[in-house]
Amino acid sequence: MSVRTRLLVAVEVILRVPPLFVIDELLPSGFDFPQQTDSAASLENSNSTLHDLSFGGSASYDAQFYKFLILAIVKFFLSCLGCVAALSVFLLSIGQLFTVYMYLISVGIIFVSYWANVFTVKAITLDTVGTQACILEDILNLNFIKILQPTSMGFVVVQNYILQLVLSISFVFTYSYIGPKYPIVNKFVPISFLAPSILAILPASSSLLNHSPVFAALLPLAMVKYVLCYSAIPVVQTIYSGYQHSRNIINNFGLSALIEAEWLRLNIPCILRTFWLIRVAEHAMILLIEHYQSKNVDESTVHSNFLAISALLLMCKSLLISGCESLTALLGMTSVVSYICYYICCFFQWILLTEDEDDKSIGVVSAILFYVLALQSGLTSLDPEKRFIRLAKNFCLLCTAVLHFIHNIVNPLLLSLSASYNPSLHRHLRALAVCGFLICFPLSLLYYLWSQNISKSWLLAVSAFSIEAIIKVLVSLALYTLFLIDAYRSTFWEKLDDYVYYIRALGNTVEFCFGIFLFLNGAWILVFEAGGAIRAVTMCIHAYFNIWCEAKAGWSSFIKRRTAVSKINLLPEAREDQLTELDDLCAICFQEMKSAKITRCNHFFHGVCLRKWLYVQDRCPLCHDILYKTEAERKSESAAVAQIASPNENIHNEEVARQMNDNQMYFDQF
């Protein structure tokens, strides 16, 4: 990506951040009821007892209540309207967004010019009589030394003159971008901005001077209003075209495609991160200013106290608390957490020397998990101290989830290194070092948490996730050891598949038991500690995917293996002289056959290899003949042979069929 492209992306991200600040400011205030005024408080105090309450007092109280209710409703609708407007600006294209900001800058320039003119006019009118004549006399006499003195009124007029000149040029520039170009009107704009400064040095009346800032702002305001009316039709066309575009995408590709396209177009994760970092930086600056302006801290100890670890920790704690106090801020924190988890994944991929893009989805998974945990626990509505404690608990749960994801990265690498007989020692050491980290870190985390807290439901959940991660790593190491031993063996290890199955079955069983335990723990939290619709929905999802689906898949795998083992046990074992005479390799694994099973089509395979094949289908790997037939199929074959055969051959065919049935008795049990 070139520097120009990166700069344009950065500008687009920065331009989309202010609407998020508007939404962040309006959302909390829109749902809060206004506090009672002093009159309402005095009304409650005056009606403290039931004896003192009269009909008139009750009516007054009801009127006050309805007043607050109406104010709350109006505030709610205004906040919703502001949020919709900010969201609409957020969704605009970069060109339209730039136009909106130019319009807002033009309005801001007008108000800055107005207040500067008001300040200058007030300073002139409040000074002694004859100031205007003195300023004009100094200008005519070219007495610039007196005019430029900081204490003179001439200096104030010159300052305002320069400021208005800069503002007028800026207004002409912004207006030329957002509105139609009228050169004659643009020439009057500097005069309109400078009119109060010019009148300030002329012998004009005080009434004219006081009203001059208002008249000076009329022309620019009229131009801005004209641009607003002029742009009404393009705004409607933009809204309609956006609606048509969204409707076409939804009809052709679905709602998910529209969300994904807009997510990529707007670069929402980067915008949320930028918003949250700016918000945290603003709060950090406020904390720094409050710290340095504190009267209780001596100037000689300011720096030493500020650099103390405790002060830094308190500052970080305050930033974390304020960083998730609203839904918008929580989205920003979620994006930052996702970004950190993504680079944690990249770090472990760098250690393991892997570059699988599918493994980098941890950013999305961690973001969803963190946000669901925050909504589930009502993080934004908690008190600051409770919010920090809840946030720390959520981070502990997120750490355990990241451990599971790292295990999903290292597990296939361990199996491939051991099964492929990879001689690269440093790759083995890197993978084993990551496994050691996955064992030591959760043990250290559990030791710290159990030493600092008593047994609670969330601590049991963290412990279950951590122990499950440790068991997964131990299972991976056991399989790694088995495959490594098999790689160094010179002969075929027939029992390897059984050992692998038993170890994996043990790991899956333990994982299933932990899933049931977590479900029961979540049910306890839902019923006795903290209920909620989000928690109930997540528990249902957990029960379906992590308990029911896993149990169904495990039982299906067990039935398939048991059926395959039963079928293999019914096949005749090849004798040693048959194997010596055959002197061939197994067609499935291409290994020498010390023992083998004979199929009904007279083909030889390893029993273990044939059992794996039977997991997939019941046909011979070489000739694709059906290995097992049911009793009904066997009888239908015999009947067909009897009907086709001639009468002279019936006895012979019946004898042949009887012999075939006798020879195939152990094949046709299923």
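Cβ coordinates come from backbone N, Cα and C, glycine included.
The transmembrane segment annotation in TrEMBL covers 68-92 (among others).
The transmembrane segment annotation in TrEMBL covers 98-116 (among others).
Long-range contacts of the transmembrane segment (155-178) within its own chain (CB-CB distance under 8 A, at least 6 residues past either end) are made by residues 99, 102-103, 105-106, 109-110, 112-113, 116-117, 119-120, 123-124, 135, 147-149, 186, 189-190, 192-194, 196-197, 200-201, 220, 223-224, 227, 231. Residues annotated as transmembrane segment in TrEMBL: 155-178 (among others).
Sequence annotations record features per position, and here TrEMBL assigns transmembrane segment to 184-202 (among others). For the transmembrane segment (184-202), the residues of the chain that approach it from at least six positions outside its boundaries are 113, 117, 120-121, 124, 132, 135-136, 139, 154, 157, 160-161, 164-165, 167-169, 171-172, 175-176, 208-209, 212-213, 215-220, 223, judged by C-beta separation under 8 angstroms.
Remote same-chain residues near the transmembrane segment (214-233) are listed as 103, 106-107, 109-110, 113-114, 117, 171, 175, 178-180, 185, 188-189, 192-193, 195-196 (criterion: CB distance under 8 Å, separation of at least six residues from the stretch ends). Annotation source TrEMBL lists transmembrane segment at 214-233 (among others).
The transmembrane segment feature in TrEMBL is assigned to 302-320 (among others).
The transmembrane segment feature in TrEMBL is assigned to 327-350 (among others).
Sequence-distant contacts of the transmembrane segment (362-379) (same chain, six or more residues past either end, CB-CB distance under 8 Å): 324, 330-331, 333-335, 337-339, 341-342, 344-345, 387, 390-391, 393-394, 397-398, 401-402, 405, 530, 532, 534-535, 538. For 362-379 (among others), the entry in TrEMBL reads transmembrane segment.
Positions annotated as transmembrane segment by TrEMBL: 391-410 (among others).
Beyond its flanks by at least six residues, the transmembrane segment (430-450) meets 348, 351-353, 396, 399-400, 403, 406-407, 410, 413-414, 417, 459, 462-463, 466-467, 469-470, 473-474, 476-477 of its own chain at Cβ-Cβ distances under 8 Å. The transmembrane segment feature in TrEMBL is assigned to 430-450 (among others).
Positions annotated as transmembrane segment by TrEMBL: 457-485 (among others).
Under the heading transmembrane segment, TrEMBL lists 505-527 (among others). Counting same-chain residues at least six beyond the ends of the transmembrane segment (505-527), those with a Cβ under 8 angstroms from any Cβ of the stretch are 457-458, 460-461, 464-465, 467-468, 471-472, 475, 535-536, 538-539, 542-543, 546-547, 550-551, 554, 558.
When averaged over the domain 'RING-type' (586-624), pLDDT in the model lands at 80. If you look up TrEMBL, you'll see 586-624 marked as domain 'RING-type'.
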What does the DSSP secondary structure composition of the domain 'RING-type' (586-624) look like, as residue counts for helix, strand and coil?
8 helix, 6 strand, 25 coil
